[in-house]
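The annotation transmembrane segment is assigned in TrEMBL to 102-122, 143-165, 185-215, 246-264, 343-370, 391-410, 437-457, 469-488, 523-543. As annotated by TrEMBL, domain 'Acyltransferase 3' applies to 143-494.
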Amino acid sequence: MGFHDNGREIARMKEAQLEAGDLEPVRLNLLAQEDEVRQQQQEEQRQQRGDNVVRLHDLAAQASARAGEYYERIDPHVQVARAQASRVLAPVAKVLAPAQKAIAPAAAAVAPLVGILAPLASMFRPSFLPKQNAGHRKLRKTAYLDGIRGFAALMVYCLHNQLWAHAFYDGSPALENTFGYNGKYYLAAFPFIRTFFSGGHFSVSCFLVLSGYVLSVKPLQLMRQGEYVLLGDNISASLFKRWLRLYLPIIAVTFMVMCVPHFFGIHTSFEPQKTWRDEVWKWYCDCKNMFFIFDTGNRVINDYHPHIWTIPVEFKGSILVYTTCMAISRMTRDGRLWCLAGLWYYMMYIVDGSYFAMFIGGMTICDLEMRAAEGTLPRWMKALEPYKTKIYYTLFTVAILLGGIPSHSIDVNLLKTSPGWYYLAYFKPQAVFDFRWFYLFWAACFLVASVPHIPWAKRFFETRFCQHLGRISFMLYLMHGPVLWILGDRLYCAVGWTIPGHHILLMPWWVGRFPLPKWGPKGLELSFVLVQVILLPLTMWVAEIMTIVVDDSAIKFTAWLYTRFLPEKPSLKATTTQSEEKTAS
């Protein structure tokens, strides 16, 4: 009798006994029948498992037998091949035997040195190349932000090299102006394409928006969890570490640049002092003036590294982010959003604070991303959900267009006379002095907001190459200038990009040393591209080494120093003893 037949029999017995009004026999019979059915079912399962085991055993036996037959067939051929190889290699072994005996002592002597140099060799291997036996990369949820930051650093490198070779050579601002300006039409100035040639200003705005986003992630998470004590701990630690994390690498880089003319006799980007001692004093004065962000004067430019003008802005913006987080920590979700919107409006439309509006813009994007994940977006944003794909693609397109704003001059009349920008010029707020940063604010915010919602763009910024650029981005930003001044300037001079009042006086040996033709479109001339074949890999290699030696060390040192100044946590035993004493008293 099968399982279903037993079930029907139980049902018939139950109906018959219910009609007779006797319930107790019904219950007992049901229990007995259920036990019988359960035992039959278990027995069938055991039989099925046993059959499966037998089948697997048979299959294993068949496979073993086939493997044995195959081995028996190929074994004679293997033996013949071994014998032939031995006959061929025997004379070679006799010839090499003396050499092996001679090399053995040298190999033993070199072995300790190899053990020392092997770890150092990994330093010179680009981290974006996959390691042997490396598994699948695990990316953080916000890994695309690292990719954006790294690619932006590469665009800063491109801008400075283009200007060094072109603007300084022929005085032409074409690459920083729009397509068709003054009747000149260059592919490198075409919308979208121009980002890869002159997108350095766009990159700086992306740096500031990304900083606002990244610095506020943890504080905003703790606000949502109501962990206000941990929020205070997080912000205090971040504030302590931020100055050291930003400025320690700058101290190292500028000190090395300062020493180059005096120790190696190589001209860089500054006019050296008469003695190294005088140079150290001037370097000290430049650094101390730049590192103090609450000065009452104008923006300070460091003569040893003009590119680091953004670092004081980064530190000021970091303080703004942390203080804003504390100020809005107890507010409701909507209250936080209104305050952030009010802050960026104030900094962009009422005062000339476009740099700091970018930090607040990054905070706002971060807050909205978290609210989207929670499903607590404002109602008007939820209403746009069906159109989000079109909206994000539109934002991305507008970001690239605005990121290509003419940047040769800060005079708004340049914008009005640039093809395609006349009407956009009237959107500039009165409070903004340098019009570029108003449009770049929107460009950077739109880019950072749209990339995570455009699959192909997010995948691009999550590639190994972009993630590698993100890891070395700070050192790429700091080191591309020194490499350009020390080596790039001489390479450009050697292939024909000669500045008469500069190269002929300071480095006459390099002038026209390896002349190459300037064939190709502007910005991609043969002589320029061939210099990049040497300069770009070298710059990235130097940036990688400096990341390991300087940047990583600075991060570890700041973390160690902060923990060094924290009070020791009481042990569990001491805490228990203190509690017992309080209870006893």
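Glycine too: its Cβ is placed from the backbone N, Cα and C atoms.
All annotation found in TrEMBL is predicted automatically rather than curated by experts.
A mean pLDDT of 92 is what the model gives for the domain 'Acyltransferase 3' (143-494).
Across 246-264, 391-410, 437-457, 469-488, 523-543, stretch 469-488 shows the highest tally of CB pairs under 8 A with the transmembrane segment (143-165). Count of Cβ pairs under 8 Å against the transmembrane segment (391-410): among 185-215, 469-488, 523-543, the largest is for 185-215. Within the same chain, the transmembrane segment (185-215) packs against the transmembrane segment (523-543): three or more Cβ pairs sit under 8 Å, each pair at least 6 residues apart.
Below 8 angstroms of C-beta separation, residues 124, 126, 157, 161-162, 165-166, 175, 186-188, 197, 472, 475-476, 478-480, 483-484, 487-488, 491-492, 495-497, 516-517 of the same chain, each at least six residues beyond the ends of the transmembrane segment (523-543), sit close to that stretch.
Packing against the transmembrane segment (246-264) from elsewhere in the chain are residues 272, 275-276, 279-280, 283, 286-287, 291, 302, 304-305, 308, 311, 314-315, 318, 474-475, 478-479, 482, 485-486, 546, 550-551, 554, 557-558: each is 6 or more residues past its ends and has a CB under 8 Å from a CB in it.
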